[in-house]
Amino acid sequence: MVTMKLFALVLLVSASVFASDDDDKKDDIGTVVGIDLGTTYSCVGVFKNGRVEIIANDQGNRITPSYVAFTPEGERLIGDAAKNQLTSNPENTVFDAKRLIGRTWNDPSVQQDIKYLPFKVIEKKTKPYIEVDIGDQMKTFAPEEISAMVLVKMKETAEAYLGRKVTHAVVTVPAYFNDAQRQATKDAGTIAGLNVMRIINEPTAAAIAYGLDKKEGEKNILVFDLGGGTFDVSLLTIDNGVFEVVATNGDTHLGGEDFDQRVMEHFIKLYKKKTGKDVRADKRAVQKLRREVEKAKRALSAQHQSRIEIESFFEGEDFSETLTRAKFEELNMDLFRSTMKPVQKVLDDSDLKKSDIDEIVLVGGSTRIPKIQQLVKELFNGKEPSRGINPDEAVAYGAAVQAGVLSGDQDTGDLVLLDVCPLTLGIETVGGVMTKLIPRNTVVPTKKSQIFSTASDNQPTVTIKVYEGERPLTKDNHLLGTFDLTGIPPAPRGVPQIEVTFEIDVNGILRVTAEDKGTGNKNKITITNDQNRLTPEEIERMVTDAEKFAEEDKKLKERIDTRNELESYAYSLKNQIGDKEKLGGKLSSEDKETIEKAVEEKIEWLESHQDADIEDFKAKKKELEEIVQPIVGKLYGGAGAPPPEGAEGAEETEKDEL
């Protein structure tokens, strides 16, 4: 194959890339929020009045579990409420969507994960889909839809704080996420009703959070980001507000949950050895253990041992064991040590020595593990990592700063972000060779072109196969997409000139064009990993579903509230009838019996009609009121009598009691 290099053009990001929208558009987008969409926890921040605010959710927590649950009544819970019912409803509590998003069903990591997930994961269109039971009806969700629900929660958290609608966001992803995973994350934003203006790498966001006030001279910063499910290392230089990612490496499938899993395996084996019972098949028992193991792991960051106590763990038996820090480290030492290799790789790729690193920034909850801190310190010959940043909030903080830049906020100063593509991009040439067009760690956005030709005489079509990966042969790399350029005029091999152009935008999304220079005939593909990506129709359907869910949630809440009103009214009457100090001592036995009978009737009706609709609950409450109010009215000598406690109007009387 004849190849002729045409040109290689690298575009550096300048401030104008971020502020390219005209002023009118800035007014339209409102406040842009920064969202850290994590595997286990998510966090949202906003740049306001010259500083970043990390926003607490409705439970007062600054980080929200990335959990979605569906109750037997069909109610949808997101965040803390969802995580709280993991042990009682494991099959319908979904988490770890980030470990599935943008991956194919056959991906070994997906196959490994589904062994441990308590909910059902099925294959649909070569992708993993989640199947849950929503009020007696099975429903499947794409991982993007689950992530979208978490994003909706973050959006609502920001809206409650700001007091207005939020429509635009910056969302972070692990630096080592490939194109399909990035695109799927963007799709999740669309389903959640968010315009994702920028996808940025988590370590880059953390470096922004750390380095925003570092104005003096050039600094080399190593960001070590170990979260609940992913691990990234990035090396950045910061020079007077210009952030350049020099190299990045990591593992999109390593984090705190893997450490928990090792401890769980240990205790499951230990329990079997002691009792002869295998608890693996009991999802509730396994989730109880997961919850307590996570608590113990957190405790071990501050103390040397932690007791794990679970009442009625399995078949009525309790569980009681001690986990020491030494045992925790022993169970995970190979995983801990494996985090050091990407650090060394990043140093090698940057042509830097350990001594050239000015700051080490630790990000992600798992960097609180003392052994991880020790290993990082030892690798850098005793250099202390920087402590001035909350590892849980750093990524959202940096995303919020970037969001401030996109909002056109003047207080962000001259911040410029130079990010890189994490993997080499190229095409397949004769013999299955990977011909590289964009080497990994190239600053984005970027555009590279190269001239190729035909491999045989009178070849009418060339097939362009686009790959990402570092191996010399394409069979060992990851196929991103394929397209044909047809209509090449007959000519001897090597004569036609086919120009292939790779262009990556600021979100790391790739467009590939092939042009026959002789005829001007062109074809192009935007790499969105078609087999793995949602179609526009699917996204539209999911957006509609998400809106429908929000509407259903509202209706369901109304129905539950109406049911609760009837229930609390009935039980309030029952208590008062049974209390001689209250109604019980004031009514004739006949009236008392009438009310008791009516109340019992309604309580029995409630027990057998849990799924009745709003109108039924209202009607039953009215029936009860029509029996009770005339009787109570007699006590007070007329129809103007105050209603009993728990009846309509009770809210007012409660406030006015003397």
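Keep in mind that glycine also has a Cβ here, set from the backbone N, Cα and C atoms.
Annotated ATP binding site per Swiss-Prot: 38-41, LYS98, 228-230, 294-301, 365-368, in sequence order, evidence recorded as similarity to another entry. Swiss-Prot lists 127-281 with the feature region 'Nucleotide-binding (NBD)', giving similarity to another entry as the kind of evidence. According to Swiss-Prot, the region 'Interdomain linker' annotation covers 410-420, on the basis of similarity to another entry. Swiss-Prot lists 421-501 with the feature region 'Substrate-binding (SBD)', giving similarity to another entry as the kind of evidence. Annotation source Swiss-Prot lists signal peptide at 1-19.
Shown on the structure are the features that Swiss-Prot records.
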residue	record	Cβ neighbours (10 Å)
GLY38	ATP binding site	27
TYR41	ATP binding site	23
GLY229	ATP binding site	25
LYS295	ATP binding site	12
ARG298	ATP binding site	14
SER301	ATP binding site	17
THR367	ATP binding site	21
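Look at ARG298 (ATP binding site): DSSP puts it in a helix.
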